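The structure appears below as structure tokens.
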Amino acid sequence: MNNLRAFSDHPFYLFRDFRKLYIGRFVSGLGDKVFVISLAWWLLTKGQDNGNVHLGIMMALTFLPVVLFGPLMGPLVDRFNRKTCMIAADALRCLLFAGLGAAFVLDYTPLFLVYTGCFLVAALIPLFEAASSSSLLQLTSERHLASASAFEASVVELSSIAGALCVSVLFFQLGQGGVFLFNAGTFLFSLIMIAGIRTNLNAAASANDQPDSAESYATQFRSGFTYIRKHRSISSLLVLFTLLDFFVSPILIFIPLLVKDVLHRDIAWVAVLEIAMSAGSLAAFVLFSMLKKFRRIYSMYFAVLALMSLILAGMGSFTVMIVLVAGVFIFGVCLAIVNGMSMMLFQHGVPDEMKGRFFAILKTVCFAVIPLTFVLNGYLAGIWTIPILMAANGIGALVLSVLVLFIPRITNEI
């Protein structure tokens, strides 16, 4: 009965337009996961030399546009209707994938075309993500914003699990061209769901944000950075969150290296561990979103981050597979809670008229850090053993957990 009551007060149940956004994001996220995995496999197996190099270039092209164009997208989200921004991003991505799919069906597959498509698709990510994150308060309510923030973050894990489970069937049944067309269909579905949103998603304009001149756009562009610089509680958490991304995101390369070079197991265990981490994150996001009150937020942030850091530091020494799977699952739980609390604090601390710019900058700095830490840890993996490298990253994250107790606070209760 208590579970039923909790669900009946959940934002996914209460707010129809929030539900439409979530379902649209899930379907398009599933398509994206299938696209990334299948394209990586296609690049490695299509018979060309230097498949690993081509894969590295493709991965770089998924990060570079976000870093280059992310800050430019934020002012657009704060100047125009956020629903329109999301529809435009989905429509353009749908057309790009449809074009790639048609080219592959016709057996026209030059790498330049693939690279260009990946670059253009990635360039639209910050427009959609900034508009989506900025719309949560308008789609829900002040009281449900914390729950909505946590639950909205779960869509990435849920779509990743679903995409990973069905990618092999789709790839072998449809081929790479069919996968591109499938992904175009997922963005079309997302577009239809978002077009059905009835809530007015116009950004709350400030006195200086008039969308009728190039000068005001330049002012808005600068004002996003100015706002972050002037508000130490926001900037402190942003810097800490970015540094945490530096130490934690290499788990994606540590898992296959640990399985292959330390435990000497086959690739099936890589899938098991990645699903365990995603399942832990998904469970935490859903349960976290059921909570209505959050107290002593920074103390909880410290405790969860410290536990996650210790697990990361010791994970390289886990030799019993069931223990490793359990550790990765708990790591996923902790990671989801830390991400959820971060987004919750940002949602409550950043004013609505500034959210487009802020979340675009947040996405940009996080994407900028990931290739840097991947390259560094990839280089260090050739010098240090994997357990030592994981321990070093865990210790770095542990230091950040202590700093959480001393940074300026946005709020300690929501």
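Just so you know, glycine gets a Cβ as well, placed from its N, Cα and C.
Automated prediction, rather than curation, is the source of TrEMBL annotations.
Annotation comment: TrEMBL describes 21-43 (among others) as transmembrane segment.
Annotated transmembrane segment per TrEMBL: 55-73 (among others), in sequence order.
Summarising the annotation, TrEMBL assigns transmembrane segment to 85-106 (among others).
For 112-131 (among others), the entry in TrEMBL reads transmembrane segment.
Among the features that TrEMBL reports, transmembrane segment is placed at 151-172 (among others).
Positions annotated as transmembrane segment by TrEMBL: 178-197 (among others).
When Cβ-Cβ distances below 8 Å are used as the criterion, the transmembrane segment (237-255) is approached by residues 228, 270, 273-274, 277, 305, 308-309, 312, 315-316, 328, 331, 335, 338, 342, 345-346, 349, 361-362, 365-366, 369-370, 372-374, 377-378, 381, 386, 389-390, 393-394, 396-397, 400, 403-404, 407, 410 of the same chain, each at least six residues removed from its ends. The annotation transmembrane segment is assigned in TrEMBL to 237-255 (among others).
According to TrEMBL, the transmembrane segment annotation covers 267-291 (among others).
Long-range contacts of the transmembrane segment (298-316) within its own chain (CB-CB distance under 8 A, at least 6 residues past either end) are made by residues 244, 247-248, 251, 254, 258, 262, 324, 327-328, 330-331, 334-335, 337-338, 341, 385-391, 393-395, 397-398, 400-402, 404-405, 407, 409, 412. The feature transmembrane segment is assigned by TrEMBL to 298-316 (among others).
The transmembrane segment annotation in TrEMBL covers 322-346 (among others).
The transmembrane segment feature in TrEMBL is assigned to 358-380 (among others). Taking Cβ pairs closer than 8 Å, the transmembrane segment (358-380) reaches residues 59-60, 63, 66-67, 70-74, 77, 125-126, 129-130, 133-134, 224-225, 227-228, 234, 238, 241-242, 245-247, 249-250, 253-254, 346, 350, 389, 393 in its own chain, all 6 or more past its ends.
Per TrEMBL, transmembrane segment is recorded for 386-407 (among others).
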Tertiary contacts of the transmembrane segment (112-131) (same chain, 6+ residues out, Cβ under 8 Å): 39, 43, 57-58, 61-66, 68-70, 73-74, 76-77, 82-83, 85-86, 88-90, 92-93, 96-97, 99-100, 103, 201, 355-357, 359-360, 363-364
Selected stretch (most C-beta pairs under 8 A with the transmembrane segment (151-172)) from 178-197, 267-291, 322-346: 267-291
Listed stretch, out of 21-43, 55-73, 178-197, 322-346, 386-407, that has the most CB pairs under 8 angstroms to the transmembrane segment (85-106): 178-197
Candidates 21-43, 178-197, 322-346, 386-407; stretch with most C-beta pairs under 8 Å toward the transmembrane segment (55-73): 21-43
Segment proximity, the transmembrane segment (21-43) to the transmembrane segment (178-197), 3 or more C-beta pairs under 8 Å: yes
Contacting positions for the transmembrane segment (386-407) when only residues 6+ beyond its ends and CB under 8 Å are counted: 233, 236-237, 240, 243-244, 246-248, 250, 254, 257-258, 261-262, 298-299, 301-302, 305-306, 308-317, 377, 380
